[in-house]
Amino acid sequence: MEKKAFFQQLDERTDIRYTDSGMKIIRLKFPRAHLRLCNVKIDFGSRDVCLQAESGDTLLPYGTAHFLEHLLFWHNGRNLYTDFFAHGALLNAFTTYTDTNFMFTSLPDRLRQTIPILLDALWNHSFDKKMITQEKAVITSEIQTAHLNHQLYYHYQLISMLSPASPAAVFPAGRIEDIEALDIRDLQKAYNAAYQPQRMTLFLIGGSEDTEALLPPHLRLEKRPNHKAERKIISACPPPALSQKMVLGNEERIEDTWTGLQVGAIPGQNNLLTLKLYWDIASRILFQLDSPFFQEIQQTYRLEIDCLSAEAHMYEDGGFLILHSQGAHSSAYIDVASYYVTQQKQQIETWLQYGKDSLTDAIIYDSDYVRKCFEWAAECDRCDCTFLDMYRIIHDMNSQDFLSLIDALASSKKAVIHVSQKEAIGQ
């Protein structure tokens, strides 16, 4: 099947409805799936630390969204995981920068029992001071454990070096002082503001049944007429300040280099989804060991690079790239790669085709797995686009777009953590 036709087919298998209370329902049919994946996404994530109201703004401690996620696993004195397990369903939950998610897999004939249980827990929570105290201990331990993960530490340390005031610089669970500061009033205010039907999206992925056949009958569905997609943009970065550098161990024997870059709009382009996809393509070209670009540059400069990776954090309130290179020449890789692109512009189209194929193939491959397919469907929902919109953006990226990203690599504000060989081995 032609790739474009595959993306069109994903859209044809997607049905979007709304309940009369305003909750969005996204149904993605997946004929070969035995189980059904259900995810309730709440538009309240770790970045949401300010509640706005006519009476005034309320500042919340970091980690509030994640704390609520933990609390809502308890309903009427019972643990939701146990209740779902009794129905043959496995319930999980996770908090991201933008939202909170409650996800489970289930046999199709159990959804009419499990979905009402989850929605009742999300819409009718009763706060218990004893449970809050219990979860404070649990989450404090979770934060302490996260600090032992060097990769997580470097990720948040780099963003903190680049933008100390950004919520993105804080682990989603918050800091220990935030958890200690949380009180029942903060949690009640956040819950009352966030856990409303109009801030929720229910994803149903798997099987070929109509949407109504999987949902409890009391959820009356309707189409939303005359919907106009919201164009989400990312602003340009402030002028770069002096780069910051942290060295762990002996600077003469660098083994690992972690680089954070603050990124935003590029000349002529500020669309958030477009830039997310562009950076994904560029990362596949520059930071995959099996890419033609890396093979060429390694042979040309005899680079000793054993590991490369890139992770993008891009949202309306700012963007960051976290790059990791490992090997004797890890600290020089970004500069060498940027220079090589400018010297070999005639090859950009070839490299670009590799990056585009790599990304579209990944989406097609992921669509065979319900959990991965959900992630792409959630991205479409977050950016208010279709699968075909994503394909067109990928297809239309050109050499000048790629060069603009290379310019950003060279000119953006940077934070670098160098880890010496001894420190890296000790980890």
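Glycine residues also receive a Cβ, built from the backbone N, Cα and C atoms like all the rest.
The Zn(2+) site recorded in Swiss-Prot includes His66, His70, and the single candidate from Glu2, Glu12, Glu142, Glu177 that the record places there is Glu142. Taking the C-alpha positions, the distance from Glu142 (Zn(2+) binding site) to Glu69 (active site, proton acceptor) comes to 14 Å. Sequence-distant neighbours of His70 (Zn(2+) binding site) (same chain, six or more apart, CB under 8 Å from its CB) are Glu135, Val138, Ile139, listed in sequence order. Those residues of the chain, other than His66, His70, Glu142, with a C-beta within 8 angstroms of the mean position of the Zn(2+) site C-beta atoms are Gly63, Phe67, Glu69, Thr95, Glu135, Val138, Ile139, Ala173.
Sequence-distant contacts of Glu69 (active site, proton acceptor), defined by Cβ-Cβ distance under 8 angstroms and a gap of at least six in the same chain, are Ala93, Phe94, Thr95, Thr100, Phe102.
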